[in-house]
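Below: the structure, in structure tokens.
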Amino acid sequence: MMRLSIFFKAFLLLPAATVDSYATPEACSTCTNAHDPSIIRRTDGTYFRFSTGGKIAIHTAPDLVGPWTYKGAVVPSGSSINLAGNQGLWAPDVTKIGDLYYLYYSVSSFGSQNSAIGLARSSSMDAGSWTDVGAVGVTSTSSKSYNAIDANLVQHANGTYFMAFGSWWNGLHMVQMSATPKSTAGTSAFQLSYDGSDKAEEGAYMFKYGSYYYLFYSKGTCCGYDATRPAAGKEYRILVCRSTSLTGGFVDKSGKACTSGGGTVVLPSHDWVYGPGGQGVYQDPRRGPVIYYHYVDTRVGYADGQKRFGWNKLDFSSGWPVV
Ligand SMILES: *[C@@H]1O[C@H](CO)[C@@H](O)[C@H](O)[C@H]1NC(C)=O
């Protein structure tokens, strides 16, 4: 939150166009090990945060602000999916269904389309309580137009489950899941977004607010900034599209279809925040809608292992989410 005095100083000294329009991340203690976070609050009030790598790292905290404590791995012996990357695991997505927590993860390796989405389940989310279910049937090889990574399970108002996923390759996709979403419903995946001039869209996160489904995603180069940094503006950033339908018709703020390159920026690099992405949106009981993400704190370092967990309140009052 911007203090009034700082706001006035910035307003008086700088031309309006250079005044920051994005809030910096809220306070957070021990917020490391945070790539592609997924957040959920257990009924006892404990916040769980899952992240990429380490066979899906589990952290818990009494609140979003931390302190976050490492608790172990979701699948300590790795995924049962027989693919390169099954000892790393990326991009967790956690949902509660009935009495069970479903955690989807990706098995892949950097720059490869040999990928699959897997599932682990638990009744408590504690380390040691997870059972690896394995592949859910969303897979890819170089013969596919997408990459089967970055799952996000969403439920239609009629009860049907869908999984948004992808992709880096050719934008975001979606597939219908079975009634118990351990597997797909057997129908083909379809396209949610596509930008022919910049296909690097991934990390979908669907959030229902009011009468719209908001499709948040990350665009650009996610990783390895300590070795090579992309052209300015091509690093990870968070975009959004919305639709009244869960399964298509997503447009940006200007009305441009998100299957034709549309997409409204929610959070790009700003101040000392670089490459924010891997986001989710959480309806926090204490704060309302919150966007959370990983980012590079340029005052700390650009390596993937140095990425920080950040969060901010989201203001939907204009119909479009604002940080
Ligand atoms: C629920 O809605 C989705 C999206 O329109 C549709 O594909 C699905 O068949 C519907 N399912 C039921 C049970 O009505």
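In case you wondered, yes, glycine gets a Cβ from its N, Cα and C as well.
Sequence annotations record features per position, and here TrEMBL assigns signal peptide to 1-23. Here TrEMBL flags D36 as active site, proton acceptor. Annotation comment: TrEMBL describes E202 as active site, proton donor.
Contacts of D36 (active site, proton acceptor) defined by a Cβ separation under 8 A and a same-chain sequence distance of 6+ are given as S51, T52, W90, A91, P92, D150, G203, G278, H294, in order along the sequence.
Just so you know, the Cβ of the residue listed as 'active site, proton donor' picks up 27 other Cβ atoms within 10 Å once every protein chain is counted.
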